[in-house]
Amino acid sequence: MANPWRKLIFNIYMGFYCSTIMPKMYICSQFSMSSIDPFNNDPGALPVATNGEPFPWNELRLPSMVIPLHYDLLVHPNLTSLDFVGSEKIEVLVRDATQFIILHSKDLEIMNVVLQSEEDLRYGKPGKRLNVLSYPAHQQIALLAPEKLMADLRYSVAIDFQAKLANGFEGFYKSTYRTRGGKTRIIAVTDFEPTEARMAFPCFDEPSLKANFSIKMRRESGHVALSNMPKVKTIELEGGLLEDHFETTVKMSTYLVAYIVCDFNSVSGTTSSGVKVSVYASPDKWSQTHYALEASLKLLDFYENYFDINYPLPKLDLIAIPDFESGAMENWGLITYKETSLLFDTKTSSASDKLWVTKVIAHELAHQWFGNLVTMEWWNDIWLNEGFATYMELISVNATYPELQSGACILNMLKDFLNEEKFRKGIIHYLKTFSYGNAKNDDLWSSLSNSCLGDFTSGEFCYSDSKMTSNTLTFLGENVEVKEMMTTWTVQKGIPLVVITREGRSLRLQQERFLSGVFKEDPEWRALQERYLWHIPLTYSTSASNVVHRHVLKSRTDTLELSEKISWVKFNVDSNGYYIVHYEGHGWDQLITQLNQNHTLLRPKDRVGLIHDAFQLVSAGRLTLDKALDLTRYLQHEASIPALLKGLEYLELFYHMMERRNVSDVTENLKHYILRYFKPVIDTQSWSDKGSVQDRMLRSTILKLACYLNHPPCIQKATELFSQWMESSGKLNIPSDVLKIVYSVGAQTTVGWNYLLEQYGLSVSGAEKEKILYALSISKHQEKLMKLIELGMEGEVIKTQELSSLLYTIARNPKGQQLAWNFLRENWTHLLKKFDLGSYAMRVIVFGTTSHFSSKDELQEVKLFFDSLKTQGLHLDIFQTILETISKNIKWLEKNLPTLRTWLLVSS
């Protein structure tokens, strides 16, 4: 999400469904493991518990004999001793007779367990104390009953437990913040997705094992307690303690349970349907909560109308957590956010910050329906939560804040295929059918199929009740079935490449698997293509008219006949489809000619799509780099900001790649080319916050690049503003859209760098701190970069949660890449004391400090380091991905560096 890479440690799984709000780098291996103990050579044998006795269950998934119905949970965190005690009564239903109950528990001390039958409860009998076995490899405990539990009966399991508040960012953990006066405050907060509820209380910690929760929290009088539901009463206990009781929740999964003890302040409002919405932050940051409240009220109203289902709870709290690893977490009724994902400071937050905050709020609010109301059965269908939340994030932001327009995804392609009305009806049918339950892929496809007026299998088509237009689905005569089509997208990795060859009025179509870094002439290319076939809903337009033509490509090859002569054809209209297009023969030349003659004949989104596809095809060896660069020449006449930004994105990428490799001649020539070619755009930028959101984002992007390239007018203006800011003791309000630029230029002097570090410690704006930290981390002095890393390891001035993104940024600084790499190797043991090996932070650190390498020597160094870790029994599933990425970087340079050098010389 921003170095918010959210959430999803496992988000690459659904990465091809939607452009998620965080970069996708890896799959969480936890969800692809066999259900049998990997350390047990005999799958039928029972594992051994910690006390040496046989543990009665040998699978990772819980047995189905016993299911939870209701949890009555009491938790008392001590913010002085940094531990907590808890007690719970779980009402369970025994489906099949059994003599044991298997629960999840991790790092909890179980002090007492008592079982009561319905008869015990009815007559007030004390119940029976149960023996407890522990099997940490599966994070499970077994409760052994003295006699068999009978099928179809309910029992009550009472458990007393205690533990330390966790030091990381998972389970029930402590978070700290500093007041303006320099005092450190401690709060206790939960974060349970995907499998960390078991760190806070013993539970059936699987998404399909939903139950109701009645939660009570004990606290000091100076704190407030929050949970999923509204507070119904507070009881005063001996010693001044207070006990808050919350309403019983709706039926929900354990990973959505949340409770917090803090001393925060809030601002509140009410939606049109009467839902109370509150936004919480630490007292010094309360003034930054107002935009989040405005956006939440507007978005919640939108979702209730769009889904035709009222928000299911009486209240919704959003809270900014000082220590939070991801962007946000959608706990039902109590959504937790990283401060930079929720708070908006009118003085220091830029247009891109506002877009980010709006998108994250929209994403998490969408989860209140997709994920919370209807939940995937198991984590292998996580995209049902994340893919739809991201899609609805885009739909809702575009509807409620049209000035913040975002991009597209595979679900957008499906909506375009069905048409918006039918797609929405299908979503509503899906949500209403599976409310408070769990669903699989097929359930969604069935709902979407049933929303159609006709029957796909009969060869009819989905159409709007109103008169059909060129924008309406017109797959006349096509035999298309939603489930069959979408299965080809959900069971296959990656995305398709559609190759178009035009011969007169005939278009020959061919689909392949798109492979970045693997060229057609490579020996492994053919094997990697085998058995990959998608059903692709194609759209295209031609030079002859604006009509949008449609065709479903279900075979490897197909042919279309055109009714008239054309000079060019463009597939994937408005980039609504999730596929890449390559034009064989003169196809690219014809499009480039049209762009140079009159680019407005192609839609703005199509121009963005052409730039994107061209450079992606270079990475796959299907298009030469000079051809892709030639396509960008028309940008000097481009008025569409997204197209300008897309072209700049690739040019800047190449510049940083050359700079890190110290290819000085290409670096210098590319710098001069960018500054000369985009000079008219650079010179027209004002150092202000004026204009539309897109105007402001272009300003931030192009001035940041111009100053990085040492463009004299840019450096002069930024230096002038920085000096004025320092002279005002940091009180001068610099326009937020250029704040990062001004700080970055100012940080290049020792005096400026030191002053910024001082201001970092004093600032209460997360947006400003992010900009300052970026500026500090692009210093050209290694001793300063090392100081930042040391501060990140200490965790006081720079919070530990920022260390992964800090190392990532430093590793991309030419003066810091070797420093970060050396630090990783030399401090591996120290890092493991701060972060678990498989944690999100460690994955970002390892990936961030190595994946940008592009030489054979670097590849060998990384391989040797990974091999040394493997010999110690330490292994991450991203090791191979990183090695492959470095190999692809090497290959790209070998193939394209000479071309880039020549192209720049010709263009100078």
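Cβ atoms are placed via backbone N, Cα and C, with glycine included.
As recorded in TrEMBL:
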{"type": "DOMAIN", "residues": "68-256", "note": "domain 'Aminopeptidase N-like N-terminal'"}
{"type": "DOMAIN", "residues": "291-404", "note": "domain 'Peptidase M1 membrane alanine aminopeptidase'"}
{"type": "BINDING", "residues": "His363, His367, Glu386", "note": "Zn(2+) binding site"}
{"type": "ACT_SITE", "residues": "Glu364", "note": "active site, proton acceptor"}
{"type": "DOMAIN", "residues": "407-451", "note": "domain 'Peptidase M1 membrane alanine aminopeptidase'"}
{"type": "DOMAIN", "residues": "568-886", "note": "domain 'ERAP1-like C-terminal'"}
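Sorting the domain 'Peptidase M1 membrane alanine aminopeptidase' (407-451) by DSSP state (H, G, I as helix; E, B as strand; all else coil) yields 33 helix, 4 strand, 8 coil. Most Cβ neighbours within 10 Å, among the binding-site residues His363, His367: His363 holds that distinction in the structure as shown. Cα-Cα distance from Glu386 (Zn(2+) binding site) to Glu364 (active site, proton acceptor): 10 Å (rounded to the nearest whole number).
Sequence-distant neighbours of the residue listed as 'active site, proton acceptor' (same chain, six or more apart, CB under 8 Å from its CB) are Leu318, Ala328, Met329, Glu330, Ile335, Tyr337, Ala389, listed in sequence order. For the domain 'Aminopeptidase N-like N-terminal' (68-256), the model gives a mean pLDDT of 96.
For the domain 'Peptidase M1 membrane alanine aminopeptidase' (291-404), residue counts in helix, strand and coil come to 62 helix, 18 strand, 34 coil, using DSSP. Glu386 (Zn(2+) binding site) is surrounded by 29 other CB atoms, counting those within 10 A of its CB over all protein chains shown.
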